[in-house]
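Below is one structure, written out as structure tokens; the observations come after it.
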Amino acid sequence: MHHDLPAAFCQRMQALLADEFAAFYQSYEEPRTYGLRVNTLKITPAELVSLAPFALTPVPWATDGFYCLEEQRPGKHPYHAAGLYYIQEPSAMAAAPLLAPQPGEFVLDLAAAPGGKATHLAAFMQGQGLLIANEVHPARAKILSENIERLGVKNCIVTNETPPRLAERFPAFFDRILVDAPCSGEGMFRKDPAACQEWTQDAPRQCAARQREILADAVRMLKSGGWLLYSTCTFAPEENEEIVDWLLAAYPDLAVVPLPHNHGFASAVPAWGGGRSDLAGAVRLWPHKLRGEGHFLALLRKQGEGKGTGIRPGRKEGKRRADSRLKDYLAFCREFFTTVPEGDLQLFGDHLYLLPPGAPPLDGLKILRPGWHLGWLAKNRFEPSHALAMAITAKDVRYTADYSAADDAVWRYLRGEALPRQGEKGWTLVTVDGYPLGWGKQSADSLKNHYPKGLRWL
Ligand SMILES: C[S@@+](CC[C@H](N)C(=O)[O-])C[C@H]1O[C@@H](n2cnc3c(N)ncnc32)[C@H](O)[C@@H]1O
């Protein structure tokens, strides 16, 4: 047996895969696959390919996905700080295109941290509609929120809640829900040796129990006519075919939507989940059949004519009261913006947000961001947030300081240094090859650094 893989895992996979096991096992001798996904909210794939100094090869199942070389360190490049792409395992890039959320819809990612798939869903939504990205673990929710911010997602509410508490608040509310479930992570063994060590023979059964609980809440939140995508990065049938079999038995109004078998996607195996033939509509991405670490994906649809019984859009009073406090923000816009962000402004304490249209009342829920964070009202002035810089373009502001990625000034900016520079006084958008990195504030002969302290490169 391969020296790193758990023996019980190999025995089970051998029993399941029979003749195919040798190829599966051999795949563990290969290096892991590594990829980045272009953030189409900011740049097109073609533009990134011509701009970035990385070797990029297309991922067949994601028009915005590319294989790249870890040693070229794309995660340590200023374009990463600019949110032009997200480092993502290639098979994980299959999820969002299969759920395919549309601009204007209400979409939930129930287990969203660190945000690879949520930011991909956001790209499909093109800034229109409502995305709720939820993560139950507080520290992971914070990372999720930072990634939502870096990628310039404006129409996303980031919550830190348990699925039951969300289900209570949002019955039959969402058009599409992604449940990228916590799983035994067998598809992570090549990527992350720790996943190998943490695995136990009981993990799949324990994970399956939790997956059923999470899915029960997800189904409650799905509109009739809505779509639910269930995914894992593990191979255990208990967490894959058996879960779908359980879903179909527990919720007769759910049906499998067959997924296409192109790009080397294999059919799920009905015999591994009780035998019903519609399980074959789910797909398995195997590391020995395509270039990816492995995934299971099942798309389900709730029958019905697509009418939500959910909470109607709209929220409580509060905007009018806030209006008189907005004068400093409006003055900031007049002075520094050419295009003023449009939408529903709302103050939470001193912090100003632009809420996604149709955003529901959120009182009582743990919220990391209720929408697009524009900034905060200090005494007699408005301070723009990093999230504001990350979701606008250079054209939207009067003053920009642009540097090329090769210029040392970019790296000094990202380390938090002030840059010697002359220009119009005030808030200045620092850009790398035209793409926003954050704020600076111009004084007589220097650009003061407003790159967030927590993000600075040490
Ligand atoms: C596979 S990861 C999600 C990865 C994410 N979708 C992405 O693409 O970046 C599963 C997440 O579920 C969270 N989780 C753990 N237990 C949970 C529970 N009971 N309910 C909801 N989420 C849970 C984990 O903290 C983890 O962040």
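Glycine is no exception: its Cβ is also placed from the backbone N, Cα and C atoms.
Quick look at what TrEMBL annotates:
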DOMAIN    24-303  domain 'SAM-dependent MTase RsmB/NOP-type'
BINDING   Ala111, Ala112, Ala113, Pro114, Gly115, Gly116, Lys117, Glu135, Asp180  S-adenosyl-L-methionine binding site
ACT_SITE  Cys233  active site, nucleophile
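Projection of TrEMBL feature records onto the structure.
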residue : record                               : contacts (Cβ under 8 Å, 6+ apart)
Ala111  : S-adenosyl-L-methionine binding site : Asn134, Glu135, Val136, Val179, Asp180, Ala181, Pro182, Ile214
Ala113  : S-adenosyl-L-methionine binding site : Glu135, His137, Arg140, Ala141, Ile143, Leu144
Gly115  : S-adenosyl-L-methionine binding site : Tyr86, Ala133, Ile143, Leu144, Asn147, Ile148, Leu151
Lys117  : S-adenosyl-L-methionine binding site : Ala92, Ala95, Ala96, Asp109, Leu178, Asp180, Ser231
Cys233  : active site, nucleophile             : Glu89, Ser91, Ala92, Cys183, Gly185, Glu186, Gly187, Met188, Glu293, Gly294, His295, Phe296
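Mapped onto three states, the DSSP output places Asp180 (S-adenosyl-L-methionine binding site) in strand. Comment: S-adenosyl-L-methionine site residues Ala111, Ala112, Ala113, Pro114, Gly115, Gly116, Lys117, Glu135, Asp180; largest CA to CA distance 13 Å, whole number.
Per-residue confidence over the domain 'SAM-dependent MTase RsmB/NOP-type' (24-303) averages out at a pLDDT of 97.
Other than Ala111, Ala112, Ala113, Pro114, Gly115, Gly116, Lys117, Glu135, Asp180, the residues of this chain whose Cβ falls within 8 Å of the Cβ centroid of the S-adenosyl-L-methionine site are, in sequence order, Asp109, Ala118, Ala133, Arg140, Leu144. The Cβ of Asp180 (S-adenosyl-L-methionine binding site) has 22 neighbouring Cβ atoms from other residues within 10 Å, across all protein chains displayed. In the three-state DSSP assignment, the secondary structure recorded for Lys117 (S-adenosyl-L-methionine binding site) is helix.
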